Amino acid sequence: MAVAVRTLQEQLEKAKESLKNVDENIRKLTGRDPNDVRPIQARLLALSGPGGGRGRGSLLLRRGFSDSGGGPPAKQRDLEGAVSRLGGERRTRRESRQESDPEDDDVKKPALQSSVVATSKERTRRDLIQDQNMDEKGKQRNRRIFGLLMGTLQKFKQESTVATERQKRRQEIEQKLEVQAEEERKQVENERRELFEERRAKQTELRLLEQKVELAQLQEEWNEHNAKIIKYIRTKTKPHLFYIPGRMCPATQKLIEESQRKMNALFEGRRIEFAEQINKMEARPRRQSMKEKEHQVVRNEEQKAEQEEGKVAQREEELEETGNQHNDVEIEEAGEEEEKEIAIVHSDAEKEQEEEEQKQEIEVKMEEETEVRESEKQQDSQPEEVMDVLEMVENVKHVIADQEVMETNRVESVEPSENEASKELEPEMEFEIEPDNECKSLSPGKENVSALDMEKESEEKEEKESEPQPEPVAQPQPQPQHQPQLQLQSQSQPVLQSQPPSQPENLSLAVLQPTPQVTQEQGHLLPERKEFPVESVKLTEVPVEPVLTVHPESKSKTKTRSRSRGRARNKTSKSRSRSSSSSSSSSSSTSSSSGSSSSSGSSSSRSSSSSSSSTSGSSSRDSSSSTSSSSESRSRSRGRGHNRDRKHRRSVDRKRGDTSGLERSHKSSKGGSSRDTKGSKDKNSRSDRKRSISESSRSGKRSSRSERDRKSDRKDKRR
């Protein structure tokens, strides 16, 4: 501990010496000793004077002067006021003037001759010539005076230019001196600040060292005192007492050792606490010094920045004053370069924009080309589809015509009992012929189709009469154009759900022609294709049905069923029928319908009936066909069995459901494209169009059903 105290004392002495050096430096800068602290009262007296406050001394002096009597007299206040005083002054002036006027009148002033001389108004020519001749001396004099004036002016000009240059130099020198003075002043301030900061730091160090020395001295005294106490035994109770026995024994020896251990532990703890306290005291000034150093660094940086700003401002001022052309040229060149760079940047930006616009235009063109190509492909594909459809229609027509010729030759041997079954189907014939009569106004060729349809339908219905009635199933509704027709069919004829795999497929194709003329020749199709819009046509392949067995059936069921259907269809046919026809057409239609239903006619009679039916009326045709067909259907129904009619009914109904579903899907998929490619729309005939659509679906169904029925009849006859 003695060594620690010595080191601390040495540090304290060094700190005192450094503090003295700092004080001397401060004294050199400020001219006074920082340790000399003047009292507060002396400062106040020096600032305020003898009065001790602001303005009090002057009042005391004034009072002293006024009391002494040697000073100026007190101001005498005029009680009358400013107006009275001004009026009195005016009066005195007037009185003085009045007194001086008579004195001036008494003294007479001497008269003086006027110096004004009247000049001659007109100068003669001689006078002017003489004046010019006499001016040679005047000219020389004027030249001399002019030269002197010019010389003086030039001298003044030179002096002014020199003076301006000198003034500029002086201003530059003064500015430099001012800058230097500011720098010196800042340096002095910085030095002074640093010195005072050093002084404060030294003073704090001295205080800490003094505290350390005091603590070290106290610690030494405590150690000396405790070193003496270690030799004694300390009691366990408090306050602790130290004692020494007169005679030592092993028990007392143990007590001495225990007390020494405890005292040594106390000494160690006290030393550790002392060292920690000294370390804390050293850490405080270190923190303060670090903060002060940081502040100094920040201040130095600020000073440097200010100096640099001052130098830059000084250079700018010098450039402005001297007007250096070189710098101006450089500035102009720099400005031009900047402008060029800006122009280059703008040009690059414009080029990029143009390139982007060109790319966009190219993309738009490519898209348009692709769209045009797609549209052309669609247009090319649509005519091909239409041509395929036409070819299929022609092939089907030829096949149907051949089959009809063969069937007419074979069916001549049918029994006459079939006439009775045709009578029961009279209402159905009337209903299905009515749409043909309604569509009669569209074209003359349609009635040929209706006549053929009647022939085929009569045979179909004759075979249906003998069939048993299956379970009715709801038929799905097609497009809204065919709703009235399908509702009537559902009332009169129930439909089966599924079709056996032996049935052939139906083809639904879109053709640009009215639907009732599917079975007509190609010569009739071409002119009507221009008149009507696009409609869907049902084409059926020639069906090949399996061998069917024959069973008898009762007549009563078929009669009641056919009559109920006939009533429903008669109601609809009456609302639509039109009364305009001729007697010759009616007779020909009756002969054609009777021949077709009884299968006793030939191909020549069918052609004559088709030509005559083109001019026939709806009402006469309905009546004649109903009478003949009813008698034939009744005669046929007697000779047919139960099972054969059931199987035929199933096949026909399934065909009808398939054709209606295919017709719907075909109309939804192909109707729009075929309408766009060919044909002109007839806006004024929407009702006729709907009727033609319904008629087309019926005609397709009738043709397929009639063919099936004929084949089944042939097979039955062979058996």
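Here the Cβ of each residue, glycine as well, is placed from N, Cα and C on the backbone.
Per Swiss-Prot, the features are:
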type	residues	note
COILED	2-32	coiled coil
COILED	163-234	coiled coil
COILED	287-379	coiled coil
COILED	446-467	coiled coil
COMPBIAS	87-100	compositional bias 'Basic and acidic residues'
COMPBIAS	120-139	compositional bias 'Basic and acidic residues'
COMPBIAS	280-316	compositional bias 'Basic and acidic residues'
COMPBIAS	330-340	compositional bias 'Acidic residues'
COMPBIAS	341-350	compositional bias 'Basic and acidic residues'
COMPBIAS	359-379	compositional bias 'Basic and acidic residues'
COMPBIAS	394-413	compositional bias 'Basic and acidic residues'
COMPBIAS	427-436	compositional bias 'Acidic residues'
COMPBIAS	453-467	compositional bias 'Basic and acidic residues'
COMPBIAS	469-481	compositional bias 'Pro residues'
COMPBIAS	482-500	compositional bias 'Low complexity'
COMPBIAS	578-632	compositional bias 'Low complexity'
COMPBIAS	654-666	compositional bias 'Basic and acidic residues'
COMPBIAS	673-693	compositional bias 'Basic and acidic residues'
COMPBIAS	704-719	compositional bias 'Basic and acidic residues'
CROSSLNK	K157	SUMO1 cross-link
MOD_RES	A2	N-acetylalanine
MOD_RES	S48	phosphoserine
MOD_RES	R54	omega-N-methylarginine
MOD_RES	S58	phosphoserine
MOD_RES	S66	phosphoserine
MOD_RES	S100	phosphoserine
MOD_RES	S114	phosphoserine
MOD_RES	S115	phosphoserine
MOD_RES	T124	phosphothreonine
MOD_RES	S347	phosphoserine
MOD_RES	S450	phosphoserine
MOD_RES	S660	phosphoserine
REGION	46-139	region 'Disordered'
REGION	221-284	region 'Sufficient for PSAP complex assembly'
REGION	280-719	region 'Disordered'
Nearest-integer angstrom distance between the alpha carbons (Cα) of the residue listed as 'phosphothreonine' and K157 (SUMO1 cross-link): 45
For the coiled coil (2-32), sequence-distant contacts whose Cβ falls under 8 Å of one of its Cβ atoms, 6 or more beyond its ends: 188, 191-192, 195-196, 198-199, 202-203, 205-206, 209-210, 212-213, 216-217, 220
DSSP-assigned states of the compositional bias 'Basic and acidic residues' (359-379) in counts, ordered helix, strand, coil: 21 helix, 0 strand, 0 coil
Secondary structure composition of the region 'Sufficient for PSAP complex assembly' (221-284) [DSSP: H/G/I, E/B, coil]: 44 helix, 4 strand, 16 coil
